[in-house]
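Residues or ranges marked as region 'Disordered' in Swiss-Prot: 1-20. What Swiss-Prot lists as domain 'DHFR' is 23-200. Residues or ranges marked as substrate binding site by Swiss-Prot on the basis of similarity to another entry: VAL27, ASP49, ILE136, TYR142, THR157. Taken from Swiss-Prot, the feature NADP(+) binding site applies to ALA29, 35-41, 73-75, 94-97, 137-144. Among the features that Swiss-Prot reports, region 'Thymidylate synthase' is placed at 202-528. Here Swiss-Prot flags ARG264, HIS410, GLN428, ARG429, SER430, ALA431, ASP432, ASN440, HIS470, VAL471, TYR472 as dUMP binding site. Annotation source Swiss-Prot lists active site at CYS409, citing similarity to another entry.
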Amino acid sequence: MASELLANPTNGSGITRPDPQRTYQVVVAATQNMGIGKDGKLPWRLPSDMKFFKDVTMTTSDPLKRNAVIMGRKTWESIPIQHRPLPGRLNVVLTRSGSFDIATVENVVICGSMISALELLAGSPYCVSVEKVFVIGGGQIYREALNAPGCDAVHITEIEEHIECDTFIPLLDESVFQPWYSSFPLVENKIRYCFTTYVRVRNSVAELTSQTNGCSSDSKSDSGNFEIQNFSFLPKTVFEKHEEYLYLGLVENIISNGVTKNDRTRTGTVSIFGCQMRFNLRKSFPLLTTKKVFWRGVVEELLWFISGSTNAKILKEKGVNIWEGNGSREYLDSIGLTDREEGDLGPIYGFQWRHFGARYTDMHADYSGQGFDQLLDVISKIKNNPDDRRIIQSAWNPSDLRLMALPPCHMFAQFYVANGELSCQMYQRSADMGLGVPFNIAAYALLTCMIAHVCDLVPGDFVHSIGDAHVYSNHLSDLFETSFRMLPKTFPVLKINSGEKDIDSFEAADFKLIGYDPHQKIEMKMAV
């Protein structure tokens, strides 16, 4: 029954969703304290919001179908007469007033409640002719529908300014909804705002427990934890804005249009030159979902870089073996570092970040006070001179390249402060799209979040600029499967639990992911 969609979401097991008659999506604009109107009107003028509303509620995948919009009587009356009914959509008006008679108006139907509206739309002819159902107001309708089990998604224009309102709706229950997509901030008529779509991923807070994993463990994800596995019910214009499609589209472009090249490892690659991806860190964390990313490895390696260590054995002792190949006896001998102890990687990333210019001897030496500490310099400039255009950290030191087990691939980062937000652009000269790039995206997004935390800022953008973006020939079939067949899920949310403001005080347990439910791990061999 449709009434189940507006009632208790469970059937006794705590996680099983009732068989819906008709679900719906909510479209709303609201301030940070969920104000939506004043004196029966919108207290802001945002033409782009009107366009967004039209695009979301009118878009259908089947040109022979249309969408339905459910609204209360006051919302109907607030629409200018010349725009009533909203064109191209079935207008469902909720009212219990016997004097309200518009039944003769084309493309308009009247229902007494949300329950009766959903039941109507579940029956003939609307079950066939109506593709999606959107709830568009007003306050009482939103309060009834927003967090109810029948709500699959919420498309919200999030207004960051304080604007006086007299009508409010409940906060979105973020224990069961996660961001699918959030636009970069826009400013219109001096109002800063963004468009964010949240999707329902679970029915109850109880399900959240199994989704919340600290990085101290890397247990297998249970794909059954997410009630919804396929989010293609979203309007196409929203569905395709998921930021994972930046990565998937780049992989697809390389496979389809790349140039075949030889490489140092003699594996062979298909590559393109010069590309960029931009990720929004404000609402979610860009840990790819079409294949499982080794999150614990991301965290431990970044903390290892920050410590300035060049000893691969430290990572290996923690079960992180990503540097084992480049630190092996066989590999070090093959590049002429025959006197180097196994596991000693030379003056690579962490050394350059913390001791740039110091003379490298071996991984056991104490380099305290030696060289230039770029990381602390970055933090100092962000705190004391945030408008500086020289907030830069470089791992590329030409005089040390011959001493490194592997010259830096991700070699240069610049930080930028605006509107209380910290953004980072990283340049990567060589990008292994299969194994390296998912790791690199997560690592620099995490670094940005950590520095923002230390500097009392919030994360902004992570911009990933790539020189040679390539797919190794032995990864082609696996990445073809990922980029052409897998559908992304929601990115997780990152919580930093530490109250520490010292970049060197973080521990792996300080970072918690909420709602990471990726597809299965894809085994790919690393080219050494």
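Heads up, the Cβ atoms here are built off N, Cα and C, so glycines get one too.
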Fewest Cβ neighbours within 10 Å, where candidates are the binding-site residues LYS74, ARG143, ARG264, HIS470: ARG264
Among THR95, GLN140, THR157, SER430, the one of these binding-site residues whose Cβ has the fewest neighbouring Cβ atoms within 10 Å: GLN140
Binding-site residues (ASP49, ASP432), the one with most neighbouring Cβ atoms at 10 Å: ASP432
Nearest of the binding-site residues (ASP49, TYR142, ARG264, SER430, ASP432) to ALA29 (NADP(+) binding site), judged by Cα-Cα distance: ASP49
From binding-site residues GLY40, THR95, GLN140, the one whose Cα lies nearest ARG264 (dUMP binding site): GLN140
Candidate binding-site residues THR95, ARG143, GLN428, TYR472, pick with smallest Cα gap to VAL27 (substrate binding site): ARG143
Beyond the site residues VAL27, ASP49, ILE136, TYR142, THR157: chain residues whose C-beta lies within 8 Å of the centroid, for substrate: VAL26, VAL28, ALA29, ALA30, ILE36, PHE53, GLY137, HIS155, ILE156
GLY37 (NADP(+) binding site) and TYR472 (dUMP binding site), Cα-Cα, nearest whole angstrom: 54
For ILE136 (substrate binding site): intrachain residues, at least 6 apart, with Cβ closer than 8 Å: VAL26, VAL27, VAL28, PHE53, THR57, VAL69, ILE70, MET71, THR75
